[in-house]
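Q: What follows is a structure written as structure tokens; I'll ask about it next.
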Amino acid sequence: MPAAKRLFIGLMSGTSLDGIDCVIVDLAGDTPALITADCHALPDNLRHDVLTLCADKQAPLAELGRLDIELGRCFAEAAIKTLAAAGVVAQEIEAIGSHGQTVFHQPNSAAPFSLQLGDPNTIAERTGITTVADFRRRDMAAGGQGAPLAPLLHQHCCASPNKNRAIVNIGGIANITLLLANGARVAFDTGPGNVLMDLWIARHNGARFDKNGEWAKGGSIDSAFLAELMSEPYLALAAPKSTGRELFNGAWLEQRLASLKQRPSPQDIQATLLEFTATTLSTALLAGMNQGEIYLCGGGAHNTALLKRIGELMPGYYVGATAEIGIDPDWLEAMAFAWMAQQTLDGIAVDTSPFTGAKKPVMLGGIYPSPTSAS
């Protein structure tokens, strides 16, 4: 007799701010079974306000509070719409795992913190579903970087007992999870994924992203500019390490361009930014894994020019998408936060030490009960 279903919702909005990913997954078995998934666009004005907040370290507290509530409402609405489209009622869902929207991540200060907006109280109240959220700060309280966390699920369902594997998530920021056949586990943020390419094409062409890397393909790589990008000290840091828009942003890019004797054309800049992402990823992978399989996920996995370039930089390695090992590449991160919610509800402390440097296993996130369970 098949095990009873255990349905969870995962909600995720990454540094690219391309929408709220919402998944419903059945976590009754060893491997998450995706029931349904959808991406819900953020309203343009809200997306603009969040990007403005991310760039302004002196943002008013009133604006911070407003966006926390507005994003909470959007996350709740995404869950409600996904449930309706799937014909699933709220009472069938054990919990929502909501990552929220990162607006600031500062793991290496004297008082390290990571700030995600999207009020979980609002989500629980509007959906009627217990919500687990604020995952990163518990890891930081235990001495970790607070990121990356998705490797917890990569380790759970993507490892092979006899092959070296790497899971590469290319969102706004790129991160890798090394799952070696000898049992070793390492994960960290390698640097920019899509964030600089998205920023640059939005500034010059008005597009949100460079589809298939078409604009980049028409440009030429500027070696002096690439060398300047590769001189960023973060790239030489040892793992565990994590980063975000706090470092890799428009101001950082302009500083690098200003140091050049001759500024490349806008299209050549885009081509070089794609090469920068491919180079930082391949350098990290080559240093951490001697041959093996590389499986990509995240929005950048659809950038065919980027994938082609990663393959060229890594001859002898197999490069594919996580769909080949049974996990949809578009929804893996949202699925990870649904899985983390299950672990927390079940009282399971997870070991993030190989990925974030935490000193001990911890239960991630806070639990915000549904209105019915709280009554």
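Any Cβ shown, glycine's included, is placed from N, Cα and C.
All TrEMBL annotations are machine predictions without curation.
Heads up, here are the entries from TrEMBL:
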type    : residues                                               : note
BINDING : Gly14, Thr15, Ser16, Leu17, Asp18, Gly19, Ile20, Asp21 : ATP binding site
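Where in this structure would I find these features, and how exposed are they?
A: Long-range neighbours of Ser16 (ATP binding site) (same chain, six or more residues apart, CB within less than 8 Å of its CB): Gly171, Gly172, Gly193, Asn194, Val195, Asp198, Phe209, Gly299.
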Q: For a quick check of understanding: among the binding-site residues Asp18, Asp21, which residue's Cβ has the most other Cβ atoms within 10 Å?
A: Asp21
Q: Look at each of the binding-site residues, Gly14, Gly19, and point out the one with the fewest other Cβ atoms around it within 10 Å.
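A: Per-residue Cβ counts within 10 Å for the binding-site residues Gly14, Gly19 bottom out at Gly19.
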Q: For the ATP site (Gly14, Thr15, Ser16, Leu17, Asp18, Gly19, Ile20, Asp21), what does the 8 A shell look like? I mean other same-chain residues with CB within 8 A of the CB centroid.
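A: So the extra residues in range turn out to be Met12, Ser13, Cys39, Leu42, Gly171, Gly172, Gly299.
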Q: Within 10 Å of the Cβ of Ile20 (ATP binding site), how many other Cβ atoms can you find? Include all protein chains, please.
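A: 27, counting other Cβ atoms within 10 Å of Ile20 (ATP binding site).
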